[in-house]
Amino acid sequence: MMPQKKKRRKKDIDFLALYEEELLNYASEDDEEELGHEYYKAKVYEVVTATGDVRGAGTDANVFITIFGENGLSPKLHLTSKSESAFEKANVDVFRVRTNNVGLIYKIRIEHDNTGLNASWYLDRVIVTDMKRPHLRYYFNCNSWLSKVEGDRQWCRDLLASFDPMDMPRGNKYEVRVYTGDVIGAGTDADVFINIFGEYGDTGERRLENEKDNFERGAEDKFTLDAPDLGQLMKINIGHNNKGGSAGWFLSKIIIEDIGNKRKYDFPLNRWLALDEDDGKIQRDILVGGAETTAISYVVTIFTGDVRGAGTKSKIYLVMYGARGNKNSGKIFLEGGVFDRGRMDIFHIELAVLLSPLSRVSIGHGNVGVNRGWYCEKVVILCPFTGIQQTFPCSNWLDEKKVDGLIERQLYEMVSLRKKRLKKFPWSLWVWTTDLKKAGTNSPIFIQIYGQKGRTDEILLNPNNKWLKPGIIEKFRIELPDLGRFYKIRAWHDRRSPGSGWHLEKMTLMNTLTKDKYNFNCNRWLDANEDDNEIVREMTAEGPTVRRIMGMARYRVTVCTGELEGAGTDANVYLCLFGDVGDTGERLLYNCRNNTDLFEKGNADEFTIESVTMRKVRRVRIRHDGKGGGSGWFLERVLVREEGQPESDNVEFPCLRWLDKDKDDGQLVRELLPSDSNATLKNFRYHISLKTGDVSGASTDSRVYIKLYGDKSDTIKQVLLVSDNNLQDYFERARVDEFTLETLNIGTISRLVIGHDSTGMHASWFLGSVQIRVPRQGKQYTFPANRWLDKNQADGRLEVELYPSEVVEIQKLVHYEVEIWTGDVGGASTTARVYVQIYGEDGKTEVLFLSSRSKVFDRASKDIFQTDTFTIYAIDLGALTKIRIRHDNSGNRPGWFLDRIDITDMNNEITYYFPCQRWLAVEEDDGQLSRELLPVDESYVLPSEDEEGGGGGDNNPLDNLALEQKDKSTTFSVTVKTGDKKNAGTDANVFITLFGTQDNTGMTLLKSSKTNSDKFERDSIEIFTVETLDLGDLWKVRIGHDNTGLVSHSLCPCGFLGKNVQETWMSSAFHDDSFLSPFSPVEPWLHAEILVYLAWAGAWTPVISPNPYPQLFHCVATFENPLSSSVLEDVGEIIEKIRIGHDNTGINPGWHCSHVDIRRLLPDKDGTETLTFPCDRWLAKSEDDKKTIRELVPYDIFTEKYMRDGSLRQVYKEVEEPLDIVLYSVQIFTGNVPGAGTDAKVYITIYGDLGDTGERYLGKSENRTNKFEKGTADTFIIEAADLGVIYKIKLRHDNTKWCADWYVEKVEIWNDTNEDEFLFLCGRWLSLKKEDGRLERLFYEKEYTGDRSSNCSSPADFWEIALSSKMADVDVATVTGPMAAYVQEGPVIPYYVSVTTGKHKDAATDSRAFILLIGEDDERSNRIWLDFPRGKKGFDCGSVEEFYVAGLDVGIIKKIELGHDGASPESCWLVEELCLAVPTQGTKYTLRCNCWLAKDRGDGVTSRVFDLLDAMVVNIGVKVLYEMTVWTGDVVGGGTDSNIFMTLYGINGSTEEVQLDKKKARFEREQNDTFIMEILDIAPFTKMRIRIDGLGSRPEWFLERILLKNMNTGDLTMFYYGDWLSQRKGKKTLVCEMCAVIDGEEMMEWTSYTVSVKTSDILGAGTDANVFIIIFGENGDSGTLALKQSANWNKFERNNTDTFNFPDMLSLGHLCKLRVWHDNKGIFPGWHLSYIDVKDNSRDETFRFQCDCWLSRSEGDRQTLRDLACANNEIRDELEETTYEIVIETGNGGETRENVWLILEGRKNRSKEFLVENSSRQRAFRKGTTDTFEFDSVFLGDIASLCVGHLAREDRFIPKRELVWHVKTITITELEYGNVYFFNCDCLIPLKRKRKYFKVFEVTKTTESFASKVQSLVPVKYEVIVTTGYEPGAGTDANVFVTIFGANGDTGKRELKQKMRNLFERGSTDRFFLETLELGELRKVRVEHDSSGYYSGWLVDKVEVTNTSTGVATIFNCGRWLDKKRGDGLTWRDLFPSV
């Protein structure tokens, strides 16, 4: 505990020095380590409050407690209870709170919020107990009022801790003297509050009030505050609530006298605390002595929810807490906020304390005003100093009339949403304005600072046009990023009107932390009418920090406008020079030296720019603003030289481009480089896509600007005037506008700023997202925004800073400059759209459209296009090999004569020349619109030095070009035959594309036929010539037409390389509406070819009328393919069989197949092999055996192979051992039950180890005409390739005809060749109306014992296989098929995942979701896909989806990633909640996500990593994985459709009853089913109870036996039964109990019980109801026993004794409890029970259970269920002393020869020290050994923790190196009762000389003995308080039931009912009392309803259960619907304690 009195200090603490040192030494890495501190481990404290016994002592207010400890302080904890007696007069209330581990407690702060009718509270005392170390019980005596009107009127008190309940630790007193200033209006009527901060904490907010009128002008007010000793004071926070008529207050000073420590502290202020005075603050921090220091700024954004009535007029306040809560901001009132519905309010708070990263936030309001209630969505806080942005979700009301009535909430960070932002550091800036006349200004003054690491953005110094007065020094506080050492500053304003100038003397910058100082001297005018008329000044940095002072320079800039028509501009022109050191900033060019009219056609305008020297100018950026009528501007060049240098030193920056949104590329900005540099190479293009949101009013008419920040530099604020996609109206709703920004390489983009100027009719804009592609970087950045930029929406901002949500790699692109030369011949120009594709050695580009805003492709012109091109495998295309150029023949003059194309590779600076000199026109030349051009040497196209013309004269090199090009090309002869049908010909233009293995020709017009002038007439043959470059081998052609002409359809029986392949229409009126048809050749180079030989065939006729489908088989792998395509998948090296058939459609479907040849390439592709499959059979319904499917096996193989010498080798051989064709006789027995026969079509598939038959229709029965009749057997013959051993069949029918339902008894299959017989026992319906409603079933052979995983259809089935023992020895890499997606290396465990989708209209998604688990040491699972069962897809709005999955065991899970695979806007998904249960760890995590996973919503990510620090964690009980195998007996009808339930009992307890999942085909006759079960750790097992509900079409089950195998240890437990569970057969029972058999030994004995029931002798005591009991003993319970057969004919009559016998029961051992109840049926159901005797006949022992009370709905307490304790078990007095056995296991990490001491800490007491002395004679604690000791002690109760120390022996020397002892486990057994306490320590304990060093271990597991449990079974009343939710429709009319589970058992299912009350209405709280035996520590509550009533859906908020004997309240939060139609559709919930 923290001492209250310290020794006198030698020296005062310098808090300012410590604070500034903390800032200087701040390291963000420490923030992550902070979360690993002991403080952040959860701790449960019991808080007991005792309300005083004085009049009016009770309170209705909300009570809060804050616990202060040595580790830190807890949050403000709400002591919540719905009990009516809570905080009532003289009442004691007990609360369990789960919070941070604060360590040893030294004080608490107890307070209330002053709400409710009777807020005043008289508190007697508080007791706080650490539940893990119960001996640590702290007493806090108060004996005071917490009241606004009673006592000293304080409702917040700090109480000091004591271990002595009678002790009253004395605190300290502080005398506070407040001096109000002596100025007009200085006094205040408001309530004044103070918070005093000191060395040991703070006082909390205290109201300063006494009886007299305080705080009057010039007055001194004195107050005394009681508080714990704060140590040396450091600061105060003083403020008022602005109430009253005169609220403004001028505070002079405050003096505080620390009476206990006899010290005085002075806090001078002399400032206003008023909204309308000074800076408008009504709250201030004052440091001792009024000292000033560096303030840290916090940007606080408050989000008010978008729900009805969300806004408030009440005053909102905030308290920010630092790490572990040790430091806080004090209460900060957020003045000036609007807090309207759906609004964001932003506040800038400055504090002299570093709190970031914050541990939590308190937010509340003053609860005054008309609309005082407020709905807070969240709070986001950014600290620029640390660069950390934290999000604190709230999503709750702060309203005393809604939900829980709180008006202040503690908010905790969602760590998953924490973001890193740019760090900024505090600087002070002093600005000296000279005292000259008119030197001051109110123009907006901007500055920009340059440092070695970069520059700042422009900074506005005087917002709201604040005056900078002459002769005045103004001080500004600014925050700057780390720029390194400064070297210059620029100051400017933008006003040129007279009187707006400013005379600046100098500026000084100082780092407030390091005190580094920079001076910037100016002493110049910034005035367009003074000095040199400049309004921009640059100043060089001077001072001790500056190593080298840079000089000033003046640059002469000449801007040359071109001579073209309309070249001049009237727009404002801006220029920026970039040099080796910095830049000039953007300067408006208005002060011309030589011309009045600027930028006219042909002008050369000179300007002077003064700046700090940049050394050499490297780049010029020039732009104009597009204003004025003729704003388009053709800039020729810019000349730059430094003044004083000769004109010959001019550096030329050529441009020769338009700056015009309607010409060239539409850009208004140009970046120019010197004439000797390659601008294209050095400039980067940034392609910006802006998406405007799809919300109402999203579009804007404003001018939008953007600025990009990279790690190398940043861009200017570029106004986006001209889009690339030429949309007319920019930034329209739901549209994407694309812009290009060309500038220098700024490096990797880290952030951007985007905004608009709010001009135009519709200024508001909803920005969706920004995407930036940088091809030369190979990166694409996505910046999600999804917010308003509007003065009147959200936070009112017009500019926002965005950070990338993802950066994806794209292919790097390089620049090519393409020059197009149009020829100088008549009509050479074109109006068509021109496309080019460039080919290189390393790849090719896409087809690129050459677009421009200028008029291009004019006669005799050269047009330059700049385009970005991508490569496939390399940085560029390598050496260019050819280009393909074409146009689309559009426009009124599409014909084009192309002279040549020049392409320059800008990276390697190589130019390639592609001459053409041909037409691209339908009516000219050869009519082609596409040309392929080859590069030639430059000598072909460029004139030599001694010639003027371009290759004129006789020896023109181009004359030889045609011959050279011809040599490199290939000529194809194309023959096209038009079909011989009516209208087969066409007048349209026909195009063909030839596809080769290396390239294709592109679309080629078939213009000039060699055979006919009138082309493509009916039955004609046309021959064309197509020239192309090398295509490689042809593999496909595409032919089509353009649908022009009078007749535009044609029939083409396509002849291709001599093979007749296909005949098809190409017309919108025929066939498939296609104008394009692809055809493939059937040459040997293809993968495979199927040739089907018919008994007859005719030329030019369709091959087959029906659709044939072949199947190829290799083992059991198949691939189905229609015969119209001949390329098949590889099915392996050997094709063992094929299946061929047709669908029997068409006029003449019958088909006689001779044989089938399959030809395929050899693996080395140097030949082919042909397999022949003989058939020679009909496939016809009317011929042969009337089958349309045949299976064929290969007979011979014909191989052709090219040898090395070029010869062809041909080999013919027969297939070795082909499969036999076998006849199978299939006999199907239809059952002899009513309605068993079917008229539907029945199909069968037979599976063997060599393959399957495929699905066969069972058409003709061999023995019956009318198939499948009741009680008959039908025989069918199926011909197939040998299947080997048959193990499975699939039967189905198509549910047609009237009587479709079918009951199959069994199926027998004979192999007629080897007479093998296979039996399949079925006994199932194939019916939509019977059993499970299925028309298809799988049946396994009777003797089959192999894998049945083919039954799997849902993901849960596959996950179960992945968990099973059969996967233990499987190599994961070898797993194929569906299972491959479900296996993973390493140990795999099950997980339960629940995902709640939000209720937003766009919240749903059809995408595939996944989770990924991250454990300690960043161990990760694979992606675990959350797949739905077949038939269901997607997450619906408001749905709750549950998934059973399995994944890698990553240990303690730290993070979980949730995402989906959707990328389109439609795939957005709003996740409200994510739950993950880990049964093997006994933990359930619940994350309130409330975030979008979408590209265009939220922050633009489709997956997010959630930190489980954000999760609510509950303990659901550790479970162990078992593999359960159930054997069903081999008797007729042995299988069942009933639901099966199991209860397991073990030495360590029992499980609840769980249902065994039937999973389609489980629990069938003579079948063993194996599946995974998760079972509580109660082993070794003693017995199992199996129950069936007797429902379904097969309500009986023959259970043989059950085996349980522990998946971790391999332990086996067998349970034998071998009888029916049936009401008609066997024992005629639906319940059985089986004794566990382990290693052949039964774990329990058998007995019989006689139950005697005595009814009381009082009026109306007898009952007509049915009575039931459950008997509980040391071996579990009996299950429900109905008391039916008694010797008395009329049972349970008054004063009667009824006897019931229960033979053959497993012995329960000693009995402890009995539950008795009745069903309230009959005329007189009420019953008064006297007692029940239970006799164990084998032990001859009788146990009495005394009752003596009513079981009645109308008598007594109206309960019909009672738990009775056994009267035989004597409740002993509590032990005083006992003996403990201590077993210590030493690990291998270190043994010891020294002593060890232990102290045991129990719930009731703490033991003395137990010292284990080590000696050389008797060594203990050796490595890997176990030592046992006995220790006599006082009785401690349940042991909760253990202190262990490692102590040196007195006679031993301790070496300097650290000696440690590895304690692995400690087990403590209390020998009187036999309770066992297990401590899993696994810790190294260092050797120490003193006892103050020790380790504390908390109990890991407790095993309570039966004898101990019996002692606690006493009757107890529990108060159950149920709170119904607040949403519309939350109430229910259904009957509600509750079951409470505790350590000692459960209450049974109890109905919650009250007479004459409408229960469970919306927002209501209902109270009930249940009497039962003591349950011990409550573990869970199950709440459920029966769905009865008109409105049965129910929203449960929470359930509170209070043990009235101890006062301990346990709260079970729910917040879920119990409704079949909402969420997950459940009407029950298991709730776990949420302390």
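Each residue, glycine too, has its Cβ placed from N, Cα and C.
Sequence annotations record features per position, and here TrEMBL assigns domain 'PLAT' to 43-160, 296-412, 425-540, 553-673, 684-803, 814-934, 1222-1340, 1389-1507, 1520-1635, 1647-1765, 1778-1899, 1916-2032 (among others). Summarising the annotation, TrEMBL assigns region 'Disordered' to 942-961.
Between the domain 'PLAT' (1916-2032) and the domain 'PLAT' (1647-1765), three or more CB pairs separated by 6 or more residues in sequence fall under 8 Å, so the two stretches touch.
Within the same chain, the domain 'PLAT' (425-540) stays apart from the domain 'PLAT' (814-934): fewer than three Cβ pairs sit under 8 Å, each pair at least 6 residues apart. By number of Cβ pairs under 8 Å, the domain 'PLAT' (684-803) is matched best by 1389-1507 from the list 296-412, 1389-1507, 1778-1899. Of the candidate ranges 814-934, 1389-1507, 1647-1765, 1389-1507 contributes the most Cβ pairs within a distance under 8 Å of the domain 'PLAT' (296-412). According to DSSP, the secondary structure content of the domain 'PLAT' (553-673) in residues is 3 helix, 59 strand, 59 coil. With DSSP classes pooled into helix, strand and coil, the tally for the domain 'PLAT' (1778-1899) is 0 helix, 67 strand, 55 coil. The DSSP breakdown of the domain 'PLAT' (1916-2032) into helical (H, G, I), extended (E, B) and coil residues amounts to 0 helix, 63 strand, 54 coil.
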